[in-house]
Amino acid sequence: CLYSCASGKMRALRRVLLGALLKCATADVRRRNQSPLSLPKRSHALQLRGGTSAAAPTTSTAPATTPTSVKKKHAYITPRELTQIMVADLAPHGMLPLAWAATRGAGTGVVPAVLLLAVFASSSAYTLYLAAQLAEAGREARRAAPALSELWRGAKLPLPKAVDAMVALLCGGCCVFYAAFAADLFYALAKRLGLGTSREMVLGVLTCIPLAPLCLGDDLSVLKYSSLAGLLGIAYTASFIGKNGVTTDVAPIPATQTCSGTLVLANTLVVAFLCHYNAVQYYRELSPRRRTPDKFRRAVVRGAALTALVFAATLFGGARAFGSNALPNVLNNYDADSLGATVARLGTGVAILSGFPLMFAGLKAALDGCFKLRGPARPATHGALLAAIASVAATSSEDDIGLIIELLGSTLGVAAAYVVPGLCAARSSALEKKHRRSGALIAVGGMGLCVGGTYLTLKTHA
């Protein structure tokens, strides 16, 4: 009898322990699935520790939210991922014309070319840093769209929507150029493989499969994966052109020579280091624990330095291999049947596809700042814009719109990179005096670059 009684007590104890474990596990799962907005308040936690409060409300046993009401968590990026995204943003549109620009006139020497690379890389990184400081100083305005005009509004300058329109026109034109360039590259590769397809079909497939999912997202975190593919394409293309320049020394580059063509190289590098249409968005997309101007500065300095290395490889490699015969797209200098050049074209195409969503992100931010798009109208507008860009690119080649894009870069691009951040920094009381003075000098220099770059672009294509 005693044995059966003890056995019954042991079975009952096992049931109690099992029920307690199941209850704890269920509560843990419920807490994991619970929205962060519905976590218990601190007063409830004090009650559980034994504190008493007459005003403290009683906790409810009903679940706070249902699975259908849980809001999707915003994904952020790390400073290292920002560096890789920045290189994927800058390198595709900047690395191919540098050999052509360096060989204009009598040719630019090694020392002046390296100095120009260093000057414009550091200037680009510094103005991005100024934008981050201004965005941090305007923390109370974070509900606004992550557009460059936010800095303009914070500086209380007139016509902020004009800044949005400027950035939208710049990014929209560059997206058309990217789409046309990618269509030309992949159509040529499809013909080489013997695929019976049209250029319009190739562009339609590229728009639907890789570009639409990447372009229509709400944050930049998904682009850290596509940018890795772009970095691989950039690395192969730069190494191929650089190695070809070492083994095929057709035109030795002088050491210190400067000429009128040096101004063409400077104008090309100004546009090559342009990604400031995404400056505010890049800063906001950093994870909150790492979102400081100093960490942002280190990330963009690394990105500018890596991009300068890529540019140096394509500049000196293409100039040594082809000299004054270098074309604005240096890959067109290579034999169409060359396997290495074919792989380089494929790598460049992948890099262009990875850079297109970053350019489109600048376009979306500018439109959000200008029109305050909300609700279903926002993704519908973005989808219609992507379709419009593809339709324009389907009837245009990169040669057809090359001059227009160069003019946009020389005017609106330089204004976005230097004039807007410089003026905003000069008027900001939140920045140190040295940064305000530097901002004023950069704004004045940017205006001069706009005028000089436009003149050189028109003269070059005359």
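Quick reminder: no glycine exception, Cβ is built from N, Cα and C everywhere.
Because TrEMBL annotations are produced automatically, they should be read as predictions rather than curated entries.
According to TrEMBL, the feature compositional bias 'Low complexity' maps to 52-69.
Among the features that TrEMBL reports, domain 'Amino acid transporter transmembrane' is placed at 93-455.
If you look up TrEMBL, you'll see 48-73 marked as region 'Disordered'.
Summarising the annotation, TrEMBL assigns signal peptide to 1-27.
Taken from TrEMBL, the feature transmembrane segment applies to 110-132 (among others). Sequence-distant contacts of the transmembrane segment (110-132) (same chain, six or more residues past either end, CB-CB distance under 8 Å): 102, 148, 151, 253-258, 262, 265-266, 269-270, 272-276, 279-280, 282-283, 293, 296-297, 300-301, 303-305, 307-308, 311-312, 315-316, 417-418, 421-422, 424-425, 431, 435, 438-439, 442.
The transmembrane segment feature in TrEMBL is assigned to 166-189 (among others).
Sequence annotations record features per position, and here TrEMBL assigns transmembrane segment to 201-217 (among others).
Note on the transmembrane segment (261-280): residues 86, 89-90, 93-95, 97-98, 101-108, 112-113, 116-117, 120-121, 123-124, 127-128, 131-132, 135, 146-148, 150-151, 167, 170-171, 304, 307, 311, 358-359, 361-362, 365-366, 406, 409-410, 413-414, 416-417, 420-421, 449, 452-453, 456-457, 460 of its chain, located 6 or more positions outside it, place their CB under 8 angstroms from a CB of the stretch. Marked as transmembrane segment by TrEMBL: 261-280 (among others).
The transmembrane segment feature in TrEMBL is assigned to 300-323 (among others). Panel annotation: around the transmembrane segment (300-323), residues 82-84, 86-87, 90-91, 94-96, 98-100, 102-103, 107, 110, 113-114, 117-118, 121-122, 124-125, 128-129, 234-235, 237-239, 241-246, 248-253, 269, 272-273, 282, 330, 333 of the same chain, lying at least six beyond its termini, place a Cβ under 8 Å from a Cβ of the stretch.
If you look up TrEMBL, you'll see 343-367 (among others) marked as transmembrane segment. Among residues of the same chain six or more beyond the transmembrane segment (343-367), those with a C-beta under 8 A of the stretch's C-beta atoms are 85, 88-89, 91-93, 96, 145-149, 164-165, 167-168, 170-172, 174-175, 178-179, 181-182, 185-186, 188-189, 206, 210-211, 214-215, 217, 220, 223, 226-227, 229-237, 240-241, 275, 277-278, 280-281, 331, 334, 373, 381-382, 385-386.
Annotation source TrEMBL lists transmembrane segment at 379-397 (among others). Residues 172, 175-176, 179-180, 183-184, 199-200, 203-204, 207, 211-212, 215-216, 360, 363-364, 367, 373 of the same chain, all 6+ positions outside the transmembrane segment (379-397), place their C-beta atoms under 8 angstroms from a C-beta of that stretch.
Listed by sequence, the residues of this chain that lie at least six past the ends of the transmembrane segment (403-426) yet keep a Cβ under 8 A from its Cβ atoms are 123-124, 127-128, 130-131, 133-134, 148, 151-152, 154-155, 157, 163, 166-167, 169-170, 173-174, 177, 267, 270-271, 273-274, 276-277, 279, 435-447, 449-450, 453-454, 456-458, 461. Residues annotated as transmembrane segment in TrEMBL: 403-426 (among others).
Within the chain carrying the transmembrane segment (438-458), a Cβ under 8 angstroms from the stretch's Cβ atoms is held by residues 123, 126-127, 130, 263-264, 267, 270-271, 403, 406-407, 409-411, 414-415, 417-419, 421-426, 428, 431, all 6 or more beyond its ends. What TrEMBL lists as transmembrane segment is 438-458 (among others).
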TODO: Grab the same-chain neighbours of the transmembrane segment (166-189) for me: Cβ-Cβ under 8 Å, and only residues 6 or more beyond its ends, written as numbers and ranges.
DONE: 92-93, 147-149, 197-199, 202-203, 206-207, 277, 336, 342, 345-346, 348-349, 352-353, 355-356, 359-360, 362-363, 365-367, 370, 385, 389-390, 392-394, 396-398, 400-402, 404-405, 408-409, 412-413, 415-416
